[in-house]
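J.: Structure in C-alpha cells, see below.
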Amino acid sequence: MAGEDCVRKRQSGSATTYNEEKQRKPESERSFQNSSNGRVDVDHVITRKMQLIAEAEQLKPAFMKEVDSHFTEFVNSLVAKSALLDSSSPASIFPASCSEKELHKAKTLRAPPEHGKIFTARKSLLDELFEVSHIRTIYHMFIALLIVFILSTLLVDFIDEGRLVLGFDLLVYVFGKFPIVFCTWLCMFCATVIIPYNLFVWWAQGYCSSSHRVIRSLSYGMLFTLFQTAGLGFGPTYIAVSYALPPASRFIVILEQVRLVMKAHSFVRENVPRVLSSVKDKSSTVPIPRISQYLYFLFAPTLIYRDNYPRNPTIRWGYVATKFAQVLGSLFYAYYIFVRLCIPQFHNSSQETFNLRGLVLCIFNSILPGVLILFLVFFAFLHCWLNAFAEMLRFADRMFYKDWWNSTSYANYYRTWNVVVHDWLYYYAYRDFLWFFGKKFKAAAMLSVFTVSAAVHEYVLSVCFGYFYPVLFCLFACFGVVFNFILNDRRKGPIWNVIMWTSLFLGQGVIICLYSQEWYARQYCPMENPTFLDYLKPRSWSCHMKM
C-alpha cells in the first residue's frame, strides 16, 4: 500500500508540473501544438518568422548605434591613454633604477603626439573592403570594363587594318628616354642621401660647442635651402625641359623631385628641435639619427620622419607581386581609356571653330574618361604602389587614404583623399604657419596651404605638359577654397555627398577637356621662335584661326 501511495503521489506531482508548464507556455506555442491533427501550421510559422524579422530590423539600428557609441568611446579612450603615455615624462614611465642615458633615449625617441603624427599598425581601407564579396564585385566590374575596352580596340583595329594591331605606340612614346630618367633619378636620390644628412650632422655636432650658434644655424640653413632650390629644384626641371622628355617620363622626374624635397624638409624639421632640446637640457649626447634610419625613411611610403616606425614581422611577396601587377594593369587601363575615349575626341578638336556649344559638349564628354583616370590614379598609386613598397619594407601603417568617397564636404575630401601629402601639409605648412604667426590666423594659414598646394600641382602639370595653362590652379585655389567654406564639415546629409561627387565629376571633365585641347593645339599650331610669353598664352583659343 505504501508503494502504491508513492506511485500515486509521483504521478499526481508530474501531472501538476505538466499542467503548470503548459500554462506557462506562450500562446503561440500552444496554438502551434494545437494545429489540426498534429500537422504544422505553415502559415502560422511564416507569420511568426516575419514578425521576428520585423522585430530584429527594428532593434538593429539601436543595436548598431549602441555598438558604434561604445566602440568610439573605447577608441577615444585608447588614443587618450596612448597620448598620455607618450607625453608623460620618462621618469614616470621607467623605474628609478634606469640610467640617465636610457631616460634621455626614451625622451628623444619621438616628439609628443601634440607635435606630430602618431604611427600605428593598420591595414589599408581597400584591403579591408575587398574582403567583402559585394565590394570585390565592384572591382570585378572594373576588370570587365577593361576587357571591353581591349576587345573594342582590337575589333576596330581589325576592321580598319584587316589584322590585329597589338602595338602600344602611345605607351612607348610617353615613357620614352628612360635611361635619362633613371640617371636623373639616381643623381637626385644620391644627392638627397648625402647632402641633407651630412649638413645636419655637421651642424648638430658643432652646435653645442659653438659660440655663434645663430650664425652657424643661418649658414647651414642657407646651404640646405640652396640645395633644395637649386640642386633638387632647378636641376631636374632643367633636364626634363632641355632633353625634351615625353610627358610620363617628365612626371616621374618631377614627382620624384617634389617627393625628395618634402622628405628632406621633414628630416631636418623633425630633428632640429631634438638637437635644440638636448642642448637646452645640457645633455651629454646629441640625438643624431643613423644613416640607415634616414635611408629607410627615403624609401618608406610616408613624408613624416621618425627614427622608428611600426613594422610587420614578415614580407608577403605574393602580395607585393599582386600590387605591382595591379599597377601594370592600371597603366594599360589608362592607355585604353586614352585610345578609345580621349584621342578620337580631341584629335581634330583644334580644327573646329571655338564656340560655347562645342566647349560644353567637350566638357561633358570628358567626364567619363576623367573620372576613370581619377579612380585609376587613386587605385594604382595611393593603394597599390604605396602598399607594395610598404610590404617590402614591412611598414605597418598603411593608412595612405581614408574613405574619401563618403565625404559630404570638400574639407573632409581634402583630408582623406591623400593622407600622405595631407599630413605633410598639415604639420609643416599649416601648423608651422600658426606657430609662427599665432593661432588667430587659422583662415590665413588654410589659404596659404591651398595656395602652396595649388601652385605645386600647377608646376608639375606645366613642366610635364610643356605649357602653362592654369586650369587646375584656378579649380584648386579658387573653386576649391570656395567649396571648402561652403561644403564644410557641418554638411552631413547624403545630399551633400551627391553634390560633392557632381562637382568632382564636372571638375574632372573640365581638366581633361581643356588640357587635351591645349595639348593638340600646340601640336597643330607650333611657333617657330616662341618667346616666354608664348608659353603662357593658351594656344587653343587661337589655333583654329591659323589653320
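If you go along the chain as it appears here, the first residue is 1 and each next one adds 1.
Glycine too: its Cβ is placed from the backbone N, Cα and C atoms.
Just so you know, TrEMBL annotations are computer predictions that nobody has curated.
Here the structure is a predicted model, which means the values were calculated and not measured.
What TrEMBL shows for this protein is this:
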type	residues	note
ACT_SITE	His457	active site
COMPBIAS	19-30	compositional bias 'Basic and acidic residues'
REGION	1-40	region 'Disordered'
TRANSMEM	138-159	transmembrane segment
TRANSMEM	179-200	transmembrane segment
TRANSMEM	220-241	transmembrane segment
TRANSMEM	287-305	transmembrane segment
TRANSMEM	317-338	transmembrane segment
TRANSMEM	358-386	transmembrane segment
TRANSMEM	441-461	transmembrane segment
TRANSMEM	467-486	transmembrane segment
TRANSMEM	498-517	transmembrane segment
J.: With Cβ-Cβ distances below 8 Å as the criterion, list the same-chain residues six or more beyond the ends of the transmembrane segment (138-159) that contact it, or say none.
T.: 130, 165, 329, 332-333, 336-337, 339-340, 375
J.: Among 220-241, 287-305, 358-386, which stretch has the highest count of C-beta pairs below 8 Å with the transmembrane segment (317-338)?
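T.: Answer is 358-386, with the largest number of Cβ pairs below 8 Å.
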J.: Can you tell me which parts of the same chain pack against the transmembrane segment (220-241), counting only residues 6+ beyond its ends and a CB-CB cutoff under 8 A?
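T.: Non-local partners: 180, 184, 187-188, 191-192, 195-196, 199-200, 202-203, 249-250, 253-254, 256-257, 260-261, 264-265, 268, 463-464, 466.
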J.: Mind giving me a neighbour count for the residue listed as 'active site'? Other Cβ atoms within 10 Å of its Cβ, every protein chain shown.
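T.: I get 17 for this one.
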J.: Using a Cβ cut-off of under 8 Å, list the residues of the same chain at least 6 residues beyond the transmembrane segment (358-386) that approach it.
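T.: For the transmembrane segment (358-386), the list is 124, 126, 142, 301, 323-324, 326-327, 330-331, 333-334, 337-338, 341-342, 345, 349, 352, 398, 400-401, 417-418, 420, 504-506, 508-513, 516-517.
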